[in-house]
Amino acid sequence: MRPSKGWRSEIGDGMSEDKTTMLVGADYTADDYDGDAHVPADAALRRLVEGNRIYVEALDHERDLSPERIADLFENGQRPFACVITCADSRVVPEHIFMTGLGELFVIRVAGNVVGPIELASAVYSCEHLHTRLLLVLGHTHCGAIKAALDGEAGPVAAITERIAAALGDVRDPYEASVANARAAAAELAASPELTLLVAEHDLDIRVAIYHTHCGVVDFL
Ligand SMILES: [Zn+2]
C-alpha cells in the first residue's frame, strides 16, 4: 500500500478512531482503492455526503496535493470514485465541497451544468473507461446561467440559456429552477444508450444534488 497523507490520516489527526471511521465512511478511502475494484455507487454517495458535512463544518480543509500523490497518479493512472457534472461558477468547486484530493473526482464543469454532446461524451468516458459508478449532476442555487435563462437573455449565451429555459418550462421559483435544470441534465444523461446500458448492467447510479451557494450544504435529491 502506498504511503500517503491521504483522507484517513489527515482527517484522523487529533480525532478518535471512531470519529475518523465515521467521517470517511466504512466502505471507502482514497488510500485503499486500488483502481481495479470499482467503488459501488452507494459507497461513493456516502463518501460525498460525509465530505460535504466536513466541508460545511470546516473540520479540515487540507487535501493531498503532494508531489508523491501527483507522481502516484501519473504512474498508476487516475481512479476517481465518482463523476460530477456541475456549473463553472467559481464558488462551486466539487473537490472542495466533497473534501477530495487529486484523482478522486472526475469533474465536468460548464456554465449552468447543462449536458450537451461534449458533456455527455465526457461522462461516458468517466463511466465506461474509468469505471465510476456514481454520476452526480450537482446544480446550485443563485446560478447566473439559470437567472439569465429566467430573464430571457439570449445573444452569446443563448447556447446555454435556451437549453436551461427548455428545462425550466414554467418553473420560476429559484430553488425549484435549480432542481429542474439539474434533473433535466440527469435525464439527458440517462437517455444516452451508453449510460442506459451501464445503469442496467453495471450498477451505474445517476443522481441529482443541489449545492446551497450561501452556506455550502449539498441536498442530495
Ligand atoms: Zn451556476
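Using N, Cα and C of the backbone, Cβ positions are placed for all residues, glycine too.
Annotated features, as they stand in TrEMBL:
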BINDING   CYS87, ASP89, HIS140, CYS143  Zn(2+) binding site
Completion exercise
Cβ neighbour count (10 Å, all chains) around CYS87 (Zn(2+) binding site) is 25
Fill in the blank from the handout: Cβ-Cβ distance under 8 Å, sequence separation of 6 or more, same chain as HIS140 (Zn(2+) binding site); the residues meeting this, in order, are THR86, CYS87, ASP89, ARG91, VAL92, ASN113, SER178, ILE210, TYR211, HIS212, THR213
Exercise for the section: For ASP89 (Zn(2+) binding site), just count the other CB atoms lying within 10 A of its CB, please. Expected result: 18
Exercise for the section: Excluding CYS87, ASP89, HIS140, CYS143, please set out which residues of the same chain place their CB within 8 Å of the center of the CB atoms of the Zn(2+) site, keeping sequence order. Expected result: THR86, ALA88, ARG91, VAL92, ALA111, GLY112, ASN113, GLY139, THR141, HIS142, GLY144, ALA145, ILE146, SER178, TYR211, THR213
Exercise for the section: Measuring CB to CB from CYS143 (Zn(2+) binding site), give everything in the same chain under 8 Å that is also at least six residues away in sequence. Expected result: CYS87, ASP89, GLY112, SER178, ASN181, THR213
